[in-house]
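So the structure is just underneath, and the comments pick up after that.
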Amino acid sequence: MRTSIATVCMSGSLEEKLHASAGAGFDGVEIFEQDLLVNPASPEEVRALADRLDLRLNLYQPFRDFEGVEERLLAENLRRAEAKFSLMNRLGIDTMLVCSNVATAGPDDDDLAADHLRRLGELAAGHGVRVAYEALAWGKNVSTYRHAQHIVELADHPAVGTCLDSFHILSRGDDPAGIEDIDPERIFFVQLADAPTLTMDALSWSRHHRLFPGQGGFDLAGFLAHLVRGGYGGPVSLEIFNDTFRQSDVLRTALDGMRSLLWLQDRTRDRLAGTPEPAGAGRQAMTLTALPRSGGPAGHAFTDIRTDDADGVGTVLAQLGFRFRGQHRRKPVQLWEQGGIRMVIDGQRARGVAPSISALGLAVADPAASADRASMLAAPRVPRQNTPDEEALVGVLAPDGTEIFFAPLDPTPAWADEFGPAPGDATSLLTAVDHVNLAQPWQAFDEAVLFFESTLGLSRQPTAEVPSPRGLVRSQVMRTEDGCVRLALNMVPHVLDAGAYPEHIAFATSDVVAVARRARAAGMAVLPVPANYYEDLAARFPLDPDEVAVLRELDLLYDREGDGEYLHFYTETVGTLFFEVVERRHGYDGHGAANAPVRLAAQFALDERRRTRPPHPVRG
Ligand SMILES: O=C(O)c1ccc(O)c(O)c1
Ligand SMILES: [Mg+2]
């Protein structure tokens, strides 16, 4: 597939955008007019830079409000177009995007619009270029791709074709299947954009909320499959108007976009596999890149907490029933274990670091294949130094900086022996990591969702918006089908630093009451839950008063879905890190979303108390 990206997707100067596009591996770019107009470089200099970077300049855009106008205005529009065609000649661009008229068109008249496009085509042909007509979803007369295509057919000029933009088609709920009926030679350009499912006017939705393919709610694999089956072989270009992308690091955005196109191609291959060849079509004009097959994670092999406060974290782990296995024989790293769960307290590069989740070790069938897949999706490798007698694990960096290691499925891995022999048996009430909650900087949220979906094959659950005293928190659970790995990504409110937002690791048990009693007996500080919560609980669910009394006594939270029940409690935070213990009964498969606001309010209140009242009274 010929990949392309519109300069309008990215932040920075035109030069920065071209460098980032080339750096991320795009074949070409669409030049958005504004990016050129504000730039001091001449068109010839821009062209030379693109040549040096081996980037094709695919498209010049947008040309607005051209067709269906009064004759006098048409003359003016053609003059305007001619200036652009000359400019395109200097840039070495052969295609101009013409958006359907949103303002100056008269009454809907397809013959008139076609006549105007034909005249534009004649002018374009004189300059050796061509025009691609695109239906904007809010066009005055022309707002559907079928209508635009009809006018292009009426215009019947070799320099007049169509531009298909997935946003304008899918935002209206139009069926993209008709793409297969269009002569692929008439499709001069294709733009791809995803978007979140929202109810708002198309213009605002399009100009501010577009997302890279796979980050929103549109079926772009289905869309691309129609293009492939229809025989399209031209560039496929990302055209994403997004307020956050425009203020994010330019290379990061370009890499995020390239990741989205790789993931999309892989999914589209799956979609096309097994479908019959379209009747009468020639050879497939587009080859889709495949990703290495790697299978999803089968569980958590270890979880790494970086801190220089190993005592603080170790105390809480001990209260939760973890046993200290040992200190690493070479590094300031501790291993704690319980019921097959491995917690690593990592003191490397940790001076002044409050406890935070620094790495997730995920058990996978083929660590090398998982790492290859992640690398192909532009995930940077974690630099690691091992001595020859140590097990070397490969890891990649998630967008928020969390290290994701691919560990073998082995229940007694060799690397654990580097911490000494396994401790003897004791009662293990905790059996697994149930989920991990990671704070995401607001700029990297959509990128993170795409990262975890494409590299690990985790699927997205519907997002929830959780009120906290410091702002609304967008929460997105990403999980394996069987639920053995669940990551809850929380988008940190803009007012907070991502490092100041609480993150947690939740452990599974089949007896949360026993765990809570044992932890309290060991002196654990549990996050307090207000009495109002329990009064409301008794109103919401027909619970036995004795049961509510136990919940209240132990600061347990409760949720129910059908027959499924969820009982859980939180530890107080150590820095910004805390732990949760959850018991799922009768197949409960959710994450207690209704209780998240209670937790956040309690945590921020605790944080406030700690800041205003130092924990150790000053002696006079
Ligand atoms: O919002 C716009 O004006 C606009 C311009 C060019 C495009 O290709 C597009 O899809 C939208
Ligand atoms: Mg477009």
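In case you wondered, yes, glycine gets a Cβ from its N, Cα and C as well.
Please treat TrEMBL annotations as automatic predictions, because they have not gone through curation.
Marked as divalent metal cation binding site by TrEMBL: GLU134, ASP165, GLN191, GLU239. The 10 Å shell around the Cβ of GLU134 (divalent metal cation binding site) contains 25 further Cβ atoms across the protein chains shown.
DSSP places the residues of the domain 'VOC' (432-572) in helix, strand and coil in these numbers: 47 helix, 52 strand, 42 coil. What TrEMBL lists as domain 'VOC' is 432-572.
Taken from TrEMBL, the feature Mg(2+) binding site covers HIS435, HIS504, GLU580. Within the same chain, residues at least six positions away from HIS504 (Mg(2+) binding site) with a Cβ under 8 Å of its Cβ are VAL436, ASN437, TYR570, LEU577, PHE578, PHE579, GLU580.
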Averaged pLDDT score, the domain 'VOC' (432-572): 94
Cα distance (Å, whole number) from HIS435 (Mg(2+) binding site) to GLU239 (divalent metal cation binding site): 35
Secondary-structure category, per DSSP, in which GLN191 (divalent metal cation binding site) falls: strand
Where GLU239 (divalent metal cation binding site) falls in three-state DSSP terms: coil
Chain-internal residues, separated by at least six, CB under 8 A from HIS435 (Mg(2+) binding site): VAL477, ARG479, ARG486, LEU487, ALA488, ALA506, VAL582, HIS591
Mg(2+) site, defined by HIS435, HIS504, GLU580: further same-chain residues with Cβ within 8 Å of the Cβ centre: ASP434, VAL436, ASN437, ALA488, ILE505, ALA506, PHE507, TYR570, PHE578, PHE579, VAL582
Binding-site residues close to ligand 1 - of ASP165, HIS435, HIS504, GLU580, only those whose C-beta is under 6 Å away: ASP165
Listed in sequence order, residues not in GLU134, ASP165, GLN191, GLU239 with Cβ within 8 Å of the centre of the divalent metal cation site Cβ atoms: LEU97, CYS163, LEU164, SER166, PHE167, HIS168, PHE189, VAL190, LEU192, ALA193, SER237
In sequence order, those binding-site residues of ASP165, GLN191, GLU239, HIS435, HIS504, GLU580 whose CB lies under 6 Å from ligand 2: ASP165, GLN191, GLU239
